[in-house]
C-alpha cells in the first residue's frame, strides 16, 4: 500500500487507518459469514449485535448514564436543527439559542420555522473571535431549552466551559468535538453529533437524550423525527445507515484501544499546542481567535500575504498534507485535527509551515 496522506479535512474527515484496514478485511466476508455488513439485514442477529456493541462502546467511552437513550439516526446534524424544536419546543413556548458562528446560526434559522427563538447571546459583537461570558447572556425565564454549539468548525471557536442552565435542559451540537476529551453527559439534556468528524463516515448522526425529554414531540412532528419512536424502536424504525453505524462502532473500539477519551484529550492537547505555538511564534501566520476560545479540533490561520495561499496549498498537496484550504466563507487556511489525525500529521504540517515561511517571508 502506498503511504496514506495526512488528511486535514473538516468533514468528511480522516478515519483511523486501523479502522479502515479492519473494514477492508471484513468487506467481503464479515467474520466468516460470507457476506458484507452492508448486505446484512438490519434485523439479523449479527447486525443487531454489531449495533448493540457500538452503542455500548459509546456509552462506555462517555460514561453515559442509564437514564439517557443513545440514538443512531440519519439526516446529519442539520436535520437535528429541525428535529430538536419539533420534539422539545411547545408551539406556544420559547427556546434560547447562543450564536457563535455559522452552524449555530443555521440552527437558529431552522428553529425559527417552528416557534419563538430568543438569541440569548451572540459572538457577532466580538466579530466571532470570542465567546460572550454567560453573565452577558439574556436567558429566558421559562425557556424550553438552551441550545449552543460547543465547537464551530468554520470559525475555529470552541467553548472551554459548559453553560449552567439549572432546570432548563441544555442542548448542545457536539458534531466536531465529541469524543475529543471527557465530558459529563449528565450536564446536558440532549447531545447531538454528526458522525463525519470524530465518530465515523457521513450518513449518521448520534443523539444522546435524557429519557424525561422523550414523548414531548408535537402532534405535527413527522413519525421519523420523533425521538421517542426512534428510542422505542432501537433506532431501527426504518432501515438505519447500517454501514456507517458499523464503521462508527469500529472507531469506538479503536478509541478504547487508544485509552479512551482521556488519552485522546492528552494527544489532542499536544496537537493543538504544537500548531498554535507555530502560528503564534511567527509573524507570517496568524489566528485571531481569543486564546480561551480557540478550537482544539479546527485551527484556522492566515498567511501574511493571501497572494501566497495557492502556493502554500500546492506545496502542501505535494507533501501529502491535504485539505488545508479554509472554508469559502472565511478564506485562509484551516487544519482540522480530529482524533484520527495523529501528532505526526501536525508535526509534518508545522515543519512545512516553517519551510514555507523561510522561503517566502
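The count begins at 1 with the first shown residue.
A Cβ is built for glycine as well, from the same backbone N, Cα and C atoms used for every other residue.
Annotated features, as they stand in Swiss-Prot:
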BINDING   43  L-glutamate binding site
BINDING   77, 78, 103, 153, 173, 196, 238, 239  pyridoxal 5'-phosphate binding site
MOD_RES   197  N6-(pyridoxal phosphate)lysine
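When the binding-site residues 153, 239 are compared by the number of other CB atoms within 10 angstroms of each CB, 239 has the fewest.
Ranking the binding-site residues 153, 173, 196 by the distance of their Cα atoms from the Cα of residue 43 (L-glutamate binding site) places 196 first.
Within its own chain, residue 173 (pyridoxal 5'-phosphate binding site) has 77, 80, 103, 104, 107, 147, 148, 149, 150, 192, 193 as residues 6 or more apart in sequence whose C-beta sits under 8 angstroms from its own. Nearest to the residue listed as 'N6-(pyridoxal phosphate)lysine' in space, judged by Cα atoms and limited to the binding-site residues 78, 153, 238, 239, is 153. Highest Cβ count within 10 Å among the recorded positions 43, 197: 197. Ranked by how many other Cβ atoms sit within 10 Å of their Cβ, the binding-site residues 78, 196, 238 place 238 at the bottom. Following the DSSP three-state reduction, the secondary structure of residue 173 (pyridoxal 5'-phosphate binding site) is strand.
Considering only the binding-site residues 77, 103, the Cβ with the fewest other Cβ atoms within 10 Å is that of 103. According to DSSP, residue 153 (pyridoxal 5'-phosphate binding site) sits in a coil region rather than a helix or strand.
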